[in-house]
Structure formats: structure tokens, C-alpha cells
Amino acid sequence: MAVLGLQVVFSLVMFTFLHKLAPYFSVGRWLLSKRLSRYLHPTNDELKQLSSGNQPGKTTGQTSKAKRRAEQRRNAASAQADKSESFTVPRNLPIQLDQALVEDIDLVPLQFYSEYTWLMDFSLCSLVIYVLTEIYFIITPHRLEFNLSILWCLLAVAFCVRVLASQAWIYLRTQEGGERILLVTFTFFFLVFAMGVLIVGDNVIEFGIEEGYKNFSTSATKFLEQQGMTSHGPVSFLTFKISLAFFGMLVGTLLTFPGLRLAKLHVDTLKYSQDRKITQLLLQINYLLPLLLILLWVKPVGRDLLCGKTFSKVKPVFYEDQFEGFRLLLVVVMCGLRILLMPKFMQAHLNLAHEKIESIKKESGRITNIELQKTIARVFFYLCVVAIQYVAPVLLILFLTFLLKTLGGLSWVSLFGETAVSFFTPTSKPGMKLPKLGGENSTLGTIMDSAAEFTSTLGDIRGIFTPVWYRGILNFFLWWVLTVWFSSTSLGVMYYSQNL
């Protein structure tokens, strides 16, 4: 507790909140329940009445609450009750699907429900801890403590990668359809793409990988020499770039289907909001913001243009330090906008049930009742899968941004100038020397000497991984996630726009 101080208190409070209050409140459930409406599939009795030419009775405003609640959940109850009964009906039946608000209890049996709620709740706790820790480090006049919010951000990134990997593995195991072929194709495409990007120097795309590698290699060599080991340094720069390209390929594999899913949601949401100009404007901004962020890392387009290096007589929009803060804040704004628009995208997915039934009506022939009901119920059943594919890349980008800011030694307030940075950057107090509590041969003195030596070694190891190193690595991965997600989304938008 003395080493980490109030950060442990923040973590314990958030852990207690996550453990005790999660069964009663979940931000994931809150985003999906009571604000979305789903389509209910017709029961067997209704299908029989329609097939015989009779119109089924409709519920009215005077229907009792108990009956209405049963009506809302019939797609789950009737599927079990009528599981053994199978018959065929004409495809062109005049079916009118009823709608019902999504309730908390409706989400529980959905696929990937537990993964979705855990990811959202843990991310919220990590966000709160990160904000409190940032405030704490602004107030405290020292930086000797380990920033515990880094651990929470790393865990959030790990959970995002894990849930995306589990979904990608399902697509990879699929025997039917073209999901496996599509995934393998995009995997090799992103491998070649990553190699091409890494060939480009830092003077074009400013990751800072070369500077970070040189800093890391020099520090690691000095540390090994201090330990009495002879070394020519870590792996070569070419091997290092090949490793980055391999990890970039894996990231591209994980974000292929989330990007294609976002493209489908974007096209459908635009279609359903044609009469709402403000919503359409927000949707287009939401789609194009990643492209703007990608271009901000391209030095001739981003830093050189906005900082006045391209044209000598043009007044710069930002100074060098302000540009870094502007880029970070714009990433956070993009993530916030995508979370804000999430209910609209999820509603566009639920509306697929109505589109599917209208498509079936245009076909000739007959269809079984079970197949018809599954076609409609399947849309709602995969709601949490779609929600994860939408929100997991957003959270991945958000926490990579937090890691870049903290580990890279950047500042949120650099956008407001040097005065704001100096005000929010605490000055370090002079180091305090521990009193000599024992003689040279005493046990306590030996323990204190060992502790001092261990602290010195830890400081040397920490000196290997400098902010320059972290900036190079995290800049690349943040830019790469944005690029991969936007690329797959753009390809999907072109595909789905042609099939409207």
C-alpha cells in the first residue's frame, strides 16, 4: 500500500464495484435494453391461421401486462414448446411481425452475452481508474510510483483481443460458407500491407519506430555490459520489423469481420435515417473520422501541414507539442462518438429481421415453420455478437491511446500550450535519503543495501524501455488498428452499397 498509495484504493473500490454491483447494473445491458426494439417471430398458431386465409388477432392497448410480457418473449418460449411440430407454409404469406422492447432478461440467453457484459463493465472500471489516476498524478508532486492504471489498460486491451480472437476462431472453423476463405485472404493481404507500411520511413509515417529501436538497443547493450555480459544488442532492426509485420497481420485478421460488420451497419443505418439530416451527418463524421486520424500520422499531410512546415509564410495551426495533444484528443472524441451512436447501429441490425421476412415474401414455394421462425429469431440471437464486433475495436483503440499517452510521456493538455503543460505537470521533490539504521555488519544494514541495489537494478531495467521506445511501438499499433478497421469497413461499404 505504501508503494502504490491511493492507486490501490482506486483499484480495490472498482474491483468491489465490479464484483458486487455487476449483477444489478451493467453498462452493457444498459446500452442494449429498453432502448432497442426487436421483431418477434410468428407462432405456429398464427402461421396456421395465415396459411388458411384467416388473419390472427392483434393485441390492443387494453392487453394485460402479463399477456404483453408473454407476447414479448414468445420467440423463446414457443420455440421450445413447438419444437417437435413441423409443417410448411407458403413463402408469400402476409406476415406482419410484432415488435417489443428489448428487456434485460431477454439478453441473458444470447450468444456471447457474458463476454459482452464483462468487456463493457471491465472497460468502464478501467476508464474510471485511469481518470482518477491521471488526476492523482497531477495533484501529487512526485512520479516515483508505478502507474497502476497501465495494468488496467493492458488488461482491457487483452480482453478485447481475446474476445475478438474467439470470434475469429469460430469463423475459421466454419465449414460452410466463405468465411474461412475470406479470413485467410484478408490475413495475407494485411501481412503484405504491414510489410509495405514498415518499409516506409519515419519521415513519411511518423511512428518513431527507428528512433525507439535505436534507443532500446543502446540502453539494452549498456545494461548487459553493466551486468558483465558481452552482447551486440537485441535482434536486428530487420527482424524487429518482420515481427511487427507478423503482429500487424494478426491484428488485421481479428479486425476483418468487425470491419465488414460495421460496413453493413453503417449502410443500413444511413438507409433508416434518410429523413434525419443531423443523424446522417453524425454517421458520416463517424465513418470518416478514422481516415482523418490515419492522415494525421502521415507527416507531409499531418504535422508538416498543420504545423506550418510545408509553407513558410503560412501561420501554423498547431505547434509541435499541441499537435500531439490534438491527435490524442481526436482519437478519444472518435471513440466517444462511436459509443454514442451504438444504439442506432444495433437497431439497424435488429431491423434485419423485417428485411429478411420481406425478402422471403418475394420468393415462390413453401418454407417450414421452424426455418421461418429461426430466420427471424436468429437476428436477435446474434445481437451480442454484433455488439462485440462493434464495440471491441473502439475500446481497443481507446485503451491503446491511454497507453500511448502514459507510457509515451505525452500530455492531454499540450493542445492548450506550454503554460497549461507546466501547470498540470508537477515538479519533482528532491530525493530523500534514508537514515543509516545499522552498522556496516548489521543485518538491517545488509537488508537496506540489498533493497537499494534491487531498486537500482529495477531503475536500470526501466531505463531500457524508455518513453521513446513506447511511443514508437504504440504509435504503430494505434495507427495500424485504425487503418485496418477503416480499410475493411471501406471495402464492406463498397460491397454492400452495390447490393442495395
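The backbone N, Cα and C atoms fix where each Cβ goes, glycine too.
As annotated by TrEMBL, compositional bias 'Polar residues' applies to 49-64. The region 'Disordered' annotation in TrEMBL covers 47-85. What TrEMBL records for 6-32, 118-137, 149-172, 181-201, 238-260, 281-298, 325-341, 379-404, 477-496 is transmembrane segment.
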Highest-contact recorded stretch vs the transmembrane segment (238-260), from 118-137, 325-341, 379-404, CB pairs under 8 Å: 379-404
Grab the same-chain neighbours of the transmembrane segment (477-496) for me: Cβ-Cβ under 8 Å, and only residues 6 or more beyond its ends, written as numbers and ranges. 186, 190, 193-194, 197, 205, 207, 247-248, 251-252, 255-256, 258-264, 266-267, 287, 290-291, 293-294, 297, 331, 393, 396-397, 400-401, 404
Long-range CB partners for the transmembrane segment (181-201) (under 8 A, at least six residues beyond its ends), listed in sequence order, are 168, 171-172, 209-210, 241, 244-246, 248-249, 251-253, 256-257, 480, 483-484, 487-488
Same-chain residues at least 6 beyond the ends of the transmembrane segment (379-404) whose Cβ lies under 8 Å from its Cβ atoms: 28, 31-32, 38-39, 75, 102, 106-107, 110-113, 115-116, 119-120, 123, 126-127, 130, 149-150, 153-154, 156-157, 160-161, 163-164, 167, 255, 257-259, 261-262, 265, 328, 331-332, 334-335, 338-339, 342, 345-346, 349-350, 352-353, 356, 410, 470-471, 474-475, 477-478, 481-482, 485
